[in-house]
Amino acid sequence: MTTLTAAPKTTPPPVRTRKPTGINKWRRRIPLLPALIFTIVVTQLPFVATLVISTFHWNILRPGDRRFVGLSNFTFVFSDERLRTAVLNTVVLTASVVLISVLFGLGLALLLDRRFVGRGLARTLLIAPFLVMPVAASLLWKHALYNPDYGLLNGTLNAVYRLFGADNGPTIDWISSYPMPAVVISLVWQWTPFMMLILLAGLQAQPGDVLEAARVDGASPLATFRHITLPHLRQYLELGILLGTIYVVQTFDAVYSITQGGPGKQTTNLPYEIYLTMFRKYEYGEAAAAGVVVVLGSIVIATFALRTIASLFREEISR
Amino acid sequence: MTHAALPAPGAGIRKLIRRRDRQGEHGGAPRLSPLWTFVAWLATLAFFAPVAWMVLTSFHQEADAATNPPTPLAALTTDQYELLFSRDITPFLLNSAMASVISTLLVLALAVPTAYALSIKPVEKWTDVMFFFLSTKFLPAIAALLPVYMIVKEVGMLDNVWTLIVLYTAMNLPIAIWMMRSFLAEVPKEILEAAEVDGAGLLTVLWRVVAPIAMPGLAATSLICFIFSWNEFMFAVNLTATQASTAPVFLVGFITNEGLFLARLCAAATLVSLPVLIAGFAAQDKLVRGLSLGAVK
């Protein structure tokens, strides 16, 4: 097994056929040119535009007042209290969603790696939350589950309280009282199946003979898990954490539809704050500067992600 | 050009690959004890409960949906679905379908030749090219929203499904290239070489050797791209107004416009999630490969 310490840049391994030369090289490149050009135009040019806009003072409500201001938008971004809160909220939201769903996902994957009655059906039911449209899931949690008057959570509490003779259960306004946990829980519910699928694939890629040997040698299940399964799972855990982070950092749907960033700014994360700056305050320069900061942050995460993917990838082609 | 000399397309290889897959799964996995089976099912049902509740509520009347304590056994009805269609969810579904299907086709048209140039006849430094494509997937979409919005507004393409199609194509292209490459890499090179030695032309090789082996991969890739486009919300809500709005925009819109109708909301949520649920269940075994960008099988 390859280790993770190596740099992501791989020298192309020797795969099939002889070295192409001259005109042949270009003939080989032709099939990938359309995709390459398309990708550069649609994904790279907007970022260049963002960079340029970020150096302007630009509010479309005051069209005459557009001017070059250098880096002052960035000074604003780093000193603005709203944005700092948004950064903090993004970190809290992303870290809790990813870590909790990895833990749940690991638990479920370990269970589903064993045989039991209805395992196939259980697996199918478990991936359903991930397949519900994210906006639909957010609205479902907000209105059908969290609603203080007729939501399923308070409804169930009420039913249980009445069962034990009380008149009424507590009326908890889940979203106002616990805004961040409310968003986190709905996202954990959606992302746990994703983690489970990746970790389950990792568990099933475990060489059976090693586990067999451990059992023959009389290793306890716990020791087997700690010394064989966990090290093997490490890169799958990393992959799950990194891909999860990359997707969850970008969370917009859930914040938009469950809390609108509120109450106050308690659940405003960076994507939502940038959206507000752009479409509510119309401060294009500031929104672009915040965007650049988000891109830089993502590059840091992406570097780790690419490294992990590269190591799995090398393993695959050397197989 | 002789076709006769080629081996029967795929059949034998596919059998081989399937046999290898089955060995990979350890069929002799230990059984769970009854206690842990109970725990596994409890957890499964807990995770599935909100979905079940959504579907159940969607078949209730509004009066039965918003009760406390809940009344799961209330009479069933399809009224909510009929209301949805009479309130014109149809154009939104059609926009969603158009955006997802056309962008998926475009993605495949761009990704398949690229994947070919990265696996079967690899260009120099092909891993660098792959990682470039992948890196674009890691850029946060929100940072592109402002320039995209300004450009789209400038060229008069706001509220146009084709704008979404272009954006979704760019969004899914890296995933598709990675997935398709990992599928095409499974075409055994001995067979490709044998076909070439026999003098088979490029098209014959593609059609008779590559296609049969890569077809399941192509299907899985399309499903993943379809799912991501169908669910996309941020660009859809910010770049469309009335003409080109997609299903997720309908969902948030009808709540703010009409107040809350819980049963109808659940019906709408079920309806818009249905295509992805079906696609996802159908592609279950390939799902993980797509989600991990082909890194995990």
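Glycine residues also receive a Cβ, built from the backbone N, Cα and C atoms like all the rest.
Heads up, TrEMBL stuff is auto-annotated, nobody curated it.
Quick look at what TrEMBL annotates:
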type: REGION; residues: A:1-20; note: region 'Disordered'
type: TRANSMEM; residues: A:32-58; note: transmembrane segment
type: TRANSMEM; residues: A:86-112; note: transmembrane segment
type: DOMAIN; residues: A:87-305; note: domain 'ABC transmembrane type-1'
type: TRANSMEM; residues: A:124-141; note: transmembrane segment
type: TRANSMEM; residues: A:182-203; note: transmembrane segment
type: TRANSMEM; residues: A:236-258; note: transmembrane segment
type: TRANSMEM; residues: A:287-310; note: transmembrane segment
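At the 8 Å Cβ threshold, with sequence separation of at least 6, the transmembrane segment (A:236-258) lacks contact with the transmembrane segment (A:32-58), having fewer than 3 such pairs.
Residues 65-74, 283-285, 288-289, 291-292, 295 of the same chain lie 6+ residues outside the transmembrane segment (A:32-58) yet bring a C-beta within less than 8 angstroms of a C-beta in it. Distant neighbours of the transmembrane segment (A:182-203): 93, 96-98, 100-102, 104-106, 108-110, 112-113, 126-130, 132, 134, 137-138, 141-142, 146, 174-175, 229, 232-233, 235-237, 239-240, 243-244, 247-248, 251, 254-255, 258-259, 267; these residues of the same chain sit at least 6 beyond its ends, with a Cβ under 8 Å from one of its Cβ atoms.
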